[in-house]
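Everything on this sheet refers to the single structure shown next.
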Amino acid sequence: MIFPIFFTFFLLLSSSHASVQDFCVADYKAPDGPAGYSCKKPAKVTVNDFVYSGLGIAGNTTNIIKAAVTPAFAAQFPGLNGLGISLARLDLAPGGVIPFHTHPGASELLLVVQGTIIAGFVASDNTPYLKTLKKGDIMVFPQGLLHFQVNGGGTPALAFPSFSSPSPGLQILDFALFKNDLATELIAQTTFLDAAQIKKLKGVLGGTN
């Protein structure tokens with residue numbers, strides 16, 4: 001009987017102690033831990049750690065995908081560390097596209113504030129969910145699922161994706177296949193694409209072999 005009481009008291013004490021710490025501002029100078037950035041000492045925390053001004057400027061969309069993502073993750077915004085949230089700015093020029101990609105560490109909520117964006121994701125049973133979004137629309141993309149965004153109009157589009165993690169992670173499918181030195185023959189075997197197509201895509205995206 002004594003052990004369960006002691007164990008319960010220990011859990012309550014641990015929870016109480018954890019709640020005393022209001023935040024864990026990222027200390028970029030300290031070693032990272034398994035859970036992410038170390039906490040800056042409270043005496044060194046300032047209000048500027050909780051303010052980020054990088055999302056007011058349009059990103060450079062003069063690239064192959066005609067798109068730009070400006071992140072406000074823990075790596076850029078130290079006050080987010082440990083809070084389970086983050087934000088980014090998405091600029092899509094006419095014809096712009098964010099190719100199929102995943103965020104292994106977070107779900108995404110996309111808010112469109114300008115233009116038209118065709119967005120969708122593919123569930124694990126291969127069912128696609130697709131919608132044309134306009135100003136004021138929001139769409140959620142569940143964690144880890146392949147999803148994309150495409151400018152659906154003839155004018156620039158602007159959106160703000162938010163995430164359920166300060167470090168959501170990113171893997172772009174096309175880059176994973178073609179922006180590396182994985183052998184063309186192996187990619188052909190696993191994707192059913194012919195070697196000529198693969199070599200062309202590797203050439204466009206910077207892959208080798």
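Heads up, the Cβ atoms here are built off N, Cα and C, so glycines get one too.
Here is what TrEMBL says about this protein:
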type: BINDING; residues: His101, His103, Glu108, His147; note: Mn(2+) binding site
type: BINDING; residues: His103, Glu108; note: oxalate binding site
type: DISULFID; residues: Cys24-Cys39; note: disulfide bond
type: SIGNAL; residues: 1-18; note: signal peptide
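A map of TrEMBL features onto the structure.
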| residue | record | CB count, 10 Å |
| --- | --- | --- |
| Cys24 | disulfide bond | 21 |
| Cys39 | disulfide bond | 18 |
| His101 | Mn(2+) binding site | 17 |
| His103 | Mn(2+) binding site | 22 |
| Glu108 | Mn(2+) binding site | 24 |
| His147 | Mn(2+) binding site | 22 |
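The two recorded residues, Cys39 (disulfide bond) and His103 (Mn(2+) binding site), have Cα atoms 24 Å apart. Here the CA atom of Cys24 (disulfide bond) lies 23 Å from the CA atom of His103 (Mn(2+) binding site). Ranked by Cα separation from Cys24 (disulfide bond), the binding-site residues His101, Glu108, His147 are led by Glu108. Same-chain neighbours of the Mn(2+) site beyond His101, His103, Glu108, His147, judged by a C-beta within 8 angstroms of the site's C-beta center, are, in sequence order, Thr102, Phe121, Phe141, Leu145, Leu146, Pro161, Pro168, Leu170.
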